[in-house]
Structures are given as C-alpha cells and as structure tokens.
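Feature annotations, courtesy of Swiss-Prot:
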- H220: active site (ACT_SITE)
- K222: active site (ACT_SITE)
- D227: active site (ACT_SITE)
- 215-241: domain 'PLD phosphodiesterase 1' (DOMAIN)
- 460-493: domain 'PLD phosphodiesterase 2' (DOMAIN)
- S49: phosphoserine (MOD_RES)
- 1-28: transit peptide (TRANSIT)
Amino acid sequence: MAVAAAAAAGPVFWRRLLGLLPGRPGLAALLGRLSDRLGRNRDRQRRRSPWLLLAPLLSPAVPQVTSPPCCLCPEGVHRFQWIRNLVPEFGVSSSHVRVLSSPAEFFELMKGQIRVAKRRVVMASLYLGTGPLEQELVDCLESTLEKSLQAKFPSNLKVSILLDFTRGSRGRKNSRTMLLPLLRRFPEQVRVSLFHTPHLRGLLRLLIPERFNETIGLQHIKVYLFDNSVILSGANLSDSYFTNRQDRYVFLQDCAEIADFFTELVDAVGDVSLQLQGDDTVQVVDGMVHPYKGDRAEYCKAANKRVMDVINSARTRQQMLHAQTFHSNSLLTQEDAAAAGDRRPAPDTWIYPLIQMKPFEIQIDEIVTETLLTEAERGAKVYLTTGYFNLTQAYMDLVLGTRAEYQILLASPEVNGFFGAKGVAGAIPAAYVHIERQFFSEVCSLGQQERVQLQEYWRRGWTFHAKGLWLYLAGSSLPCLTLIGSPNFGYRSVHRDLEAQIAIVTENQALQQQLHQEQEQLYLRSGVVSSATFEQPSRQVKLWVKMVTPLIKNFF
C-alpha cells in the first residue's frame, strides 16, 4: 500500500515543483517529462530492446474474434472483424463514401452542407480561425439558422461546436469572439463547448505562457457533421486548411448511424467541457466536476464514463440493429429482398470509430493501431503519413521489428507548419529533422533500408498536415483498409490529446481505387530520404536544438 502511494505521489511532487519555475521552459519541460515517466509503468516496459525482431510477440495480442448472431459481417468477409469487439461496427455501401483531395474541396463541401442542413450541425475542431474565410463559414451558419426560424414550418436546427479552450482563447480576437454573435442571437439553438485538459491546473496553469499551455493537452478531434452526413479529417477550421495546407478528408454521405454516433461523442466531450456564455464567460455543466478546479481523478472518472457509455451503447445498438436486419432479410421473398436492396444497398464497406483519450484512460485507437502494425504480414505494404514525424516508441519498435514494407511520408522542413515561425517555435522544424535523422540512422543500422523507406513531402507555397495510413495486403495493388482522422502517431496523440479517427475497411474495388489514388497523389509530391538528404545545408541542426529535443519531444 505504501509503495503504491509513493508511486502515485511521484508525479504530483514533480508537477508541484514544475509550478514553481516561471520563465524556465527548458527546465519546466524536463521536470514535466520526468513526471510523465514516473507515471508510465507501461511505457517503461516497452522501452527499446535489442531484440527488435521480437516486437510482434511483445505487442498486444489481437483481440479474439467472436461471432455473435448479431455480427454485421459473416466470417471471412474481412480479417479485421476483431475491431468490432472494441467499438461499434457500421456497415455501409461504398457509394456513400467519397474521398476528398484538396482544401478547397473540403471548404466548399462544408459550406454547401451547412446551407442545406435542417436538423443538426456538429463541428469539432482544435480551433476556429479569425480570418475572412472563417467568417464566411460563420456567416453560413448564421444564414442557415435564420432560415430555420423563418421557414413556414420552422425546423429544430441545432448547432453544436466543440473546440479546445486554450487554443480557442488565444489572443484578443479568437475562436470565442468569432462565435459569440451566433451564441447571442440564437441562444436556444447554438452550443459552444471548450474542452480544458484536466492536467493544466494550479500554479502550472497560472505560470505557463498562453502559447505554451497548449503543450499540456488539447481537444484535437476533427469531425464536421451535417444532418446525417459526416466529414472525418485532420484539418482544422482555419484559412490555411481551406487553401494551401494539405490534409486528408473523407465524406460519409447519408450515414445516419455514424452521424448519430459522432453527435453523441461530441455531446459527451461537450458535457465535460466548459460552456461558452453570451458574455464571453464559461460555465461548467450542472453536476459536472470542474476540469481544472475540481478533483482531477473524479473529473477523469466522470469523463471516462460519459464517453465509454457512448461507445458501448452504440456498439450494443449496432449489434441489435444488424441482428434484426439479418433476421428480417431471412424471411423476405426474393422480390422483397430486391426491393429492400434498392432502398438500402448491402454493405461492402465497414466503418470503425477509433477513440483515443489517454487523460480519461481510453486507449482504443492505440490498441487498434498497434495490432494492425503487428499483424501486417510479410509482403504487405503500409503507407503511413504524418505531418509531424515523432512516432511513439511502441510504434517505432513495431515498424522496425515487423515484416511488412513501410513507406512513411512526412513533411520536409519547408512545408512544416512551424517553418519560419518567430521565437522558439521557429526551431521546431529542425527538431523534427533531428528526430527523422535519428530514426533513419536506426533503419540503416538494422539494415532495413529496403523494407522501411522515408519520403518527404514538398510543394511550393504549401504546408503539410496529412496523417493516417493505407494498408495493402500481400499481393494486392489496392488498399483494403485506411485510418483517417486526427491522430499523428506521436506521443501527444497517444498520451496528451483527445483524438478520433475511423478505420475504413472495404472490399469494393472502386472505393479501394479512390483510396489508392489519394495515397498516390500525396506520395507523388515527395522525395525519398537518403543519407545525402541530411548533408544539405537546410538540414543542419544546431547543437542546442539537438540537446533540447529529447527533453521536449513529448510536448509536440
């Protein structure tokens, strides 16, 4: 008992000490990192071993596939059925899935969907920018809300927006001030929730400067939902994401069950967030523990229950729904079945929502991603992309220790979102170069250059923010699975932030071709990384950046 108490007290001690260090970001980062390590027994057990080829054996076992009578997919349709043991499984026709390719297409689709929304608009993002394009989006919302009130038969249109508190409150003009007019004009229809991480509290919250407080933890989910249609993306609601910041986007059209799930998920996170008021103050939901003034353990426990209730109830609901569907279908005549098929095509594509909220002890995305990497067999190809190359130790070990081929796409320094930034932030691209070089050196030292290849995205006048993966089974020229959403595969995504993405599994060749073309378009703008890459003058990393990077890499 005493040992457990001492272990639990360790992180508290370091964080209290951290709070006494104003103006010393380097030392503060060091102590914060020590605090994290003291509290992460699981991660310590995963530290790199020289026996890298044993990585598949050391990784989590694939969850056992069960075959309840209510399962959506008959055995053998696809090998990823085990995911349904963790999350709800949504079967859809591939004709309802469209892959978008550009920021402009993303922006125009959002505006168009807002204009025709009748029942609900739900938007979750890190922040809303303050420029003219963002104002155009707000104006679309205002116009649609106005029409809903003036219609002959007024609709019950509701708008729910979830943003991060720290990022959305930065500066005098910010996400909050952009949304206040909507909130004041339509108080019964508009809800704005601002998530505040429970780990930013006390002296730490008072002393960390505005821009740096975001490193402690964020609301990072990106979901844009209009009635029964959903866009899943990694893009934020900001002008660059509408013009020249490359990301990924998938549009799920008329998928009511998926839209219901993400509405409930955003509502759940919204309920444990601070509620923006018309006077620009914030309030906690009645009966909810305050995220940074209340007891942290109690708050996290309540948040875990709220989110897991959504996941588990949706999973049960889907099982029951599909059990009824299959039972009904078995009683239909051939003509009835054909007629039913005209109304709702048989599913050839399966959607799995993967949620990662480590502050609330929810690690579904981490489990699924590690299992996918573990199970990728010899001859399979994994195309993995991230705008910020900073893989967790577990992901790195799996890439280096398993048998599939990997092509990893990352941002060249010039298209990194921090390139040219003022102050300390301007050194972040160099820190990523340092991390990239260390990983490349390890690949070479293990003789894995043929199996694991790094590629850098470059496009004049653009930045790069795409993340996710495409999985090609051995012998296949098209992907059967993709992960798309907000996670970056880095420490922050796994441990600090709230994340959501979806796994799309499809046997439809046309949709597989869409995903393949998406992958090809991104990789075509890249160059292969070699030893010569790091000899270029632009890749020289200053000594102080090399020294600081290990101390701060868990914060970005």
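Positions of Cβ are set from backbone N, Cα and C atoms, glycine also.
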Within the same chain, where does the domain 'PLD phosphodiesterase 1' (215-241) have neighbours whose Cβ lies under 8 angstroms from its own Cβ atoms, ignoring anything closer than 6 residues to its ends? I mean 6 or more beyond.
32, 100, 103, 106-107, 109-110, 113-114, 116-129, 131-134, 137, 162-167, 195, 197-200, 204, 208, 247-256, 258-259, 262-263, 265-266, 269, 273, 359, 387, 463, 465-468, 484-487, 492-493, 496-502, 555-556
Could you tell me the C-alpha distance between D227 (active site) and H220 (active site) in angstrom, no decimals?
22
Cβ neighbour count within 10 Å of H220 (active site):
26
Across the domain 'PLD phosphodiesterase 2' (460-493), what does the mean pLDDT come to, as a whole number?
97
Taking 10 A as the limit, how many CB atoms besides its own sit near the CB of D227 (active site)?
17
Using Cβ atoms only, which residues of the same chain lie under 8 Å from K222 (active site) while being at least 6 residues apart in sequence?
A124, S125, L126, L232, S233, G234, A235, N236, G485, S486, A500
